[in-house]
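S.K.: Handing you a structure now.
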Amino acid sequence: MDGKKCSMWMFLPLVFTLFTSAGLWIVYFIAVEDNKILPLNVPDRKPGPERPPYISIAGDAPPASCVFSQVMNMAAFLALVMAVLRFIQLKPKVLTPWLNISGLVALCLASFGMTLLGNFQLSNDEEIHIVGTLLTFGFGTLACWIQSALTLKINLKNEGRKAGIPRVALSASITLCVVLYFILMDRGIHMHASRIQWGLVMCFLCYFGTFAVEFRHYRFEIICSEYQENFLSFSENLSEASEYQTDQV
């Protein structure tokens, strides 16, 4: 591929980041407008029907819940596609396959958690929603550290440090936000916990956006070919043709 040109695949992480962040903020503003949650800039929680501006609470009731479900399902799909492409990108170059496989599995589980968050609202099925939260934040954080390590170790196109250092910084920020989020939640400091949660999600989205750095050098294609092979039967009386379809990325 011509080094002066960038692959169109570089736009996939950017679209994911911009689409998901815009969608979540739309959910937030709808919930604020409907008086379902307090604005993030309120100093302390005030008496009233409004609840803390957690993302899950913002997307808990219609019409915000409809937008929230669609955003999370689309985000989960795009994240899964990026996970597979990233795995394929690193597969020929990685010397420790288990690390690459672990990164793929972690991202897949985080994507699955996102679908649980979007499709099982907090008020409808709290247990499944909490499982989705743990999968998304837990395996998402693990995936960030794995991808940071792979970035520095493999050093694609001699850009390992260029992409790896920001990813390590984002991974550290994500880890700190996760720890603070659960501590504040446990202590009932919900306004600060909700702000940390929004910051955490934005850090996640920025992290995924950095994959554009490596994706711009690669072209991914799906090749579908059809062929026939003849196999001689052990009875020496039959000749069978088997038809296979292969998918290569």
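Backbone N, Cα and C define each Cβ position, glycine as well.
According to TrEMBL:
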type	residues	note
DOMAIN	9-217	domain 'CWH43-like N-terminal'
TRANSMEM	12-31	transmembrane segment
TRANSMEM	67-88	transmembrane segment
TRANSMEM	100-122	transmembrane segment
TRANSMEM	128-152	transmembrane segment
TRANSMEM	164-184	transmembrane segment
TRANSMEM	196-213	transmembrane segment
S.K.: Using Cβ atoms and a strict cutoff of less than 8 Å, what residues sit near the transmembrane segment (164-184) while being 6 or more residues removed from its termini?
M.R.: 137, 140-141, 144-145, 147-148, 151-152, 190, 192-193, 196-197, 199-200, 203-204, 206-207, 210
S.K.: Would you kindly list the residues that approach the transmembrane segment (67-88) from elsewhere in its chain, counting only those six or more residues past its ends and only Cβ-Cβ distances under 8 Å?
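M.R.: Non-local partners: 9, 12-13, 15-16, 19-20, 23-24, 26-27, 30, 55, 58-59, 100-101, 103-104, 107-108, 110-112, 114-115, 117-119, 121, 143, 147, 208, 211, 215, 220, 249.
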S.K.: If I take every residue in the domain 'CWH43-like N-terminal' (9-217) and average their pLDDT values, what number comes out?
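M.R.: Its mean pLDDT is 93.
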